[in-house]
Every structure is written in structure tokens, then in C-alpha cells.
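Please read the structure below before turning to the comments.
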Amino acid sequence: TASGAGACSSLAHRCHHRSTAMLDVPFLPFCAFLGTLGLLCVAMVGTWCQHWRGGFSLDGSSRTFNWHPLLMVTGLVVLYGAAALVYRVPNTWSSPKLPWKVLHGSLALGAFVLTVLGLAAVFRFHNSQGTPNMYSLHSWMGLGTVLLFSCQWALGFGVFLLPWAPTWLRALYKPIHVFFGSTILMLSVASCASGINEKLFFSLKNGTTAYKLLPAEAVFANTLGLLILIFGVLVVAALARPSWKRPDSDSPDSRQVQEALGG
């Protein structure tokens with residue numbers, strides 16, 4: 001009957017609302033967990049390079065290469081993820097937007113600097129050892145991600161931070177900037193995961209326990225790769241969550257666009 005169908009629909013709606021409420025997580029505890037996970041990833045990649053790969057140096061040896069994974073994970077994943085989440089902090093919703101823009105851009109710039117240093121480390125290692133550059137899928141994907149990141153930062157700086165960009169251009173570019181922000185993060189995660197796997201294939205062979213036998217180093221590095229993946233997925237999930245997005249009505253840029261359209 002119609003009344004029975006209505007009752008079932010109402011019950012389904014209540015069950016859906018209850019399940020959504022059960023899955024609801026406050027933003028700040030979520031960020032605290034995410035920050036802990038990010039620091040754990042950095043600590044693990046540092047431990048891997050120090051304990052199993054000989055530590056760090058600038059002499060062009062394999063110890064110079066070890067700066068590459070450490071700086072890439074720190075900059076291109078963890079610091080970049082922090083920059084992406086700046087506008088999700090509730091305090092940004094009612095406060096002036098400019099300081100948060102500067103913080104967002106500064107964190108992204110810091111991530112970019114660390115990334116460039118990480119690239120310099122791997123190129124220095126390859127050149128000193130006579131190893132060809134840019135021959136693997138990992139290297140293509142990683143360099144493509146860095147180039148896309150540099151374009152993203154430059155365009156974001158020019159459109160959102162410099163005062164002469166018109167409001168219609170900001171409104172037009174904003175969804176593009178948001179889309180490529182998440183895309184770059186996932187490309188960064190994929191590059192790091194493929195790099196970890198490639199390093200294990202190269203390192204765990206002659207004179208060591210083979211990778212296929214899953215020695216302790218392989219277990220540790222594979223776990224690191226999974227944690228990096230989880231970190232990236234959680235950041236993208238936070239960016240996509242509607243209730244954590246900065247309300248457009250509170251955005252000075254959005255108000256300007258609305259006023260221009262209304263006028």
C-alpha cells in the first residue's frame with residue numbers, strides 16, 4: 001500500500017541519516033590523525049634510508065640518493081597535503097581570507113622547494129654513477145607531477161594572490177585549481193609508491209635476500225608505501241567532503257562575483 005511504502009521510505013531515510021551521523025568525524029581530530037600519519041610516513045622513510053640504505057650524504061653516492069625519497073615524501077605528499085587542507089580549517093570560514101591564502105601558498109612553495117632538492121639529489125646520484133636519467137615510468141610520472149605542480153603554483157599565485165586578477169578570472173579558474181590540486185596529490189602518491197617499489201627491485205638482489213622472499217626491509221618499505229597511499233586518499237576524501245568546504249557565501253571572492261553578476 002501507499003502508506004506502507006511511505007513508512008518504508010521514512011525508515012530508510014532515518015537509517016541513512018543515522019549511519020551518516022555514525023560516520024561523521026570532527027575535522028580537527030581528523031586533521032590530528034592525518035598529521036600523525038604524515039609524520040609517521042616521513043619518519044619511516046628516514047628510518048628506511050638510515051637503517052637499510054646507509055644514511056645520508058652529499059658525496060654523489062647512494063647515500064646522496066637517499067635524500068630523494070625523504071624530500072619527495074616530505075614535500076610532494078605530506079607538506080603538499082597540509083597546504084591542500086588549509087581552507088578546510090573552520091577558523092578560515094569567518095576570518096579574512098588573505099592570511100590563509102598566504103599560508104596556503106607558502107606551504108605549497110615549501111613543498112615545491114623540497115621537491116626540487118629531491119630531484120637534484122637523484123640527478124646528482126645518477127650523473128656521478130653514470131646511470132641514465134629519465135628512463136623509467138617512475139621518473140616520467142614523477143617529473144610530470146613536478147612540472148604540473150610548478151604550473152599549478154605559478155597560476156595560483158598569479159590569479160589568487162596578486163591583486164590585479166579580475167574576479168571573473170578567479171571564479172573561472174577556481175574549480176580548475178581545486179581539481180588539479182587533488183590530481184597532483186594522487187600523482188605524487190603514485191610516484192612515491194612506484195619509486196619505493198623500483199628501489200626495492202634494484203636493491204634487494206645481489207648479496208641480499210631477494211625481494212620475492214619478502215625480507216624485513218621489503219615489509220617495512222611496502223608498509224610505508226601503503227601508509228603514503230592511505231594518507232593521500234584521506235586528504236582527497238577531506239577535500240571532497242561537502243561539510244568541510246569553506247562556504248562560498250563567506251568568501252570575499254565569491255561575494256564579489258555575486259555582486260558583479262547581480263549588478
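Note: Cβ is positioned from N, Cα and C throughout, glycine not excepted.
Summarising the annotation, TrEMBL assigns domain 'Cytochrome b561' to 33-240.
Annotation comment: TrEMBL describes 244-263 as region 'Disordered'.
According to TrEMBL, the feature transmembrane segment maps to 27-49 (among others).
The transmembrane segment feature in TrEMBL is assigned to 70-90 (among others).
Sequence-distant contacts of the transmembrane segment (102-125) (same chain, six or more residues past either end, CB-CB distance under 8 Å): 60-62, 64-72, 74-76, 79-80, 82-83, 86-87, 131, 133, 142-143, 146, 149-150, 153, 156-157, 160-161. As annotated by TrEMBL, transmembrane segment applies to 102-125 (among others).
Counting same-chain residues at least six beyond the ends of the transmembrane segment (137-164), those with a Cβ under 8 angstroms from any Cβ of the stretch are 72, 76, 80, 101-102, 105, 108-109, 111-112, 115-116, 119, 170, 173, 177, 180-181, 183-184, 187-188, 190-191, 194-195, 198, 253. For 137-164 (among others), the entry in TrEMBL reads transmembrane segment.
Summarising the annotation, TrEMBL assigns transmembrane segment to 176-197 (among others). Outside the transmembrane segment (176-197), and at least 6 residues removed from its termini, the chain residues within Cβ reach (under 8 Å) are 68-69, 72-73, 76-77, 80-81, 84, 137-138, 141-142, 144-145, 148-149, 152, 155-156, 159-160, 221-222, 224-225, 228-229, 231-233, 235-236, 239-240.
The transmembrane segment annotation in TrEMBL covers 218-240 (among others).
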Which residues, given as numbers and ranges, are at least 6 beyond the ends of the transmembrane segment (27-49) yet have a Cβ under 8 Å from it? 55-56, 66, 69-70, 73-74, 77-78, 81-82, 85, 88-90, 217, 220-221, 223-224, 227-228, 230-231, 234-235, 238, 244
With a Cβ cut-off under 8 Å, give me the same-chain residues at least six positions beyond the ends of the transmembrane segment (70-90) that come close to it. 27-28, 31, 34-35, 38-39, 41-42, 45-46, 49, 56, 100, 103-105, 107-108, 110-115, 117-118, 121, 142, 145-146, 149, 181-182, 184-185, 188-189, 191-192, 195, 228, 231-232, 235, 238-239, 244-246
